[in-house]
Amino acid sequence: MNYARFITAASAARNPSPIRTMTDILSRGPKSMISLAGGLPNPNMFPFKTAVITVENGKTIQFGEEMMKRALQYSPSAGIPELLSWLKQLQIKLHNPPTIHYPPSQGQMDLCVTSGSQQGLCKVFEMIINPGDNVLLDEPAYSGTLQSLHPLGCNIINVASDESGIVPDSLRDILSRWKPEDAKNPQKNTPKFLYTVPNGNNPTGNSLTSERKKEIYELARKYDFLIIEDDPYYFLQFNKFRVPTFLSMDVDGRVIRADSFSKIISSGLRIGFLTGPKPLIERVILHIQVSTLHPSTFNQLMISQLLHEWGEEGFMAHVDRVIDFYSNQKDAILAAADKWLTGLAEWHVPAAGMFLWIKVKGINDVKELIEEKAVKMGVLMLPGNAFYVDSSAPSPYLRASFSSASPEQMDVAFQVLAQLIKESL
């Protein structure tokens, strides 16, 4: 892989921060090391001294005085070593990337912790995209991604999708505008990457099948583009047999995968992680060095202690409990939809995630109905146009989340929605 063509001039110009490098050395060095290098505040001056956090089953995470000093201090930009090590083993266990033992320059699997997967994705986009570059994604798409891409001045090319995710024939048809060898010629402007949420796509709830992933990956190899696998709902697949990931089939080192703890442990702790080829992950880490410096040390230690306490088996048991909860929530919103929206709208059963994507019949644009009329009735949902490149275009779709509302609240919300639809027809 020629990674240089996926790195902008600004990203290529980034050099390691000497101060951040010293922080990395200190974090891995013996406690006897005397440091006069970094501007680390004296931890004895921090007002917080200890903490005890109670978790499931009455177990506790302890922050004694020494641990608290570390938790409140600067830490390596890539993440604290014990969390990185645990996550690397998790990725090997779940995905077994072919690139684990590749030479670093040839795309060896690397990993870094980010302040939520959104931060990682933004830095990946900024690393790759020059104004005018072509990028591929499937609409409707996560609005946060669209808002990240628009200011970068890229051309977003929509790839058709259905209930099984991206349609490979649509991708193949788009790529036929170029010849495979055009990827070696910057003037041809071949697509830099394909972005997709493969499981429980936000907002549709669609999931890519294994067969389609294989077809898509082969097209990526043929036309030499990256795949950005944004997978925050990987652990919320209602069928607990998890579909193989792009990372698991990445023989070239062309997949950048974004994972998140937001949906299964905590959204407020803002801990996610990127996995991908070392030459690209290194560029992201260099960007972190001069922006946020590093993810929260305290939050990383809290999650790391929990994961080490659980072990992989305990972690997966927790994931199963989370899946069972959201599966019941999904059943509740589907029951409410069947009860109130039959004949007024159409939808399909989400394969993963926490959203129901609804198409209202007979109404070309539901924006006013959702943003004004429903709000006045005390019901909040999102109009579908927020998930398209052209957000000003009319859309008959809306997104309803089933993550937090009770079954009774979902029932009331859809009763209100049904009433408003009938009044608008």
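Quick reminder: no glycine exception, Cβ is built from N, Cα and C everywhere.
Record check, Swiss-Prot: substrate site residues include Arg20, Tyr74, Asn202, Arg399, and the candidate from Tyr142, Tyr326 also listed there is Tyr142. Helix first, then strand, then coil: DSSP counts for the transit peptide (1-29) stand at 19 helix, 0 strand, 10 coil. Per Cα geometry, Lys367 is the residue among the modified residues Lys69, Lys367, Lys422 nearest to Asn202 (substrate binding site). Looking only at Cα atoms, Tyr74 (substrate binding site) sits nearest to Lys263 among the modified residues Lys179, Lys263, Lys339, Lys367. Of the candidate modified residues, Lys69, Lys179, Lys263, Lys367, Lys422, the one lying closest to Tyr142 (substrate binding site) when CA atoms are compared is Lys263.
A distance of 57 Å separates the Cα atom of Lys69 (N6-acetyllysine) from that of Lys179 (N6-acetyllysine). Within its own chain, the compositional bias 'Polar residues' (198-208) is flanked in space by residues 138, 140-142, 161-166, 216, 229, 231-234, 236-237, 243, 245-246, 348-357, 382, 384, 387, 397, 399, which lie at least six positions past its ends and keep a Cβ under 8 Å from the stretch.
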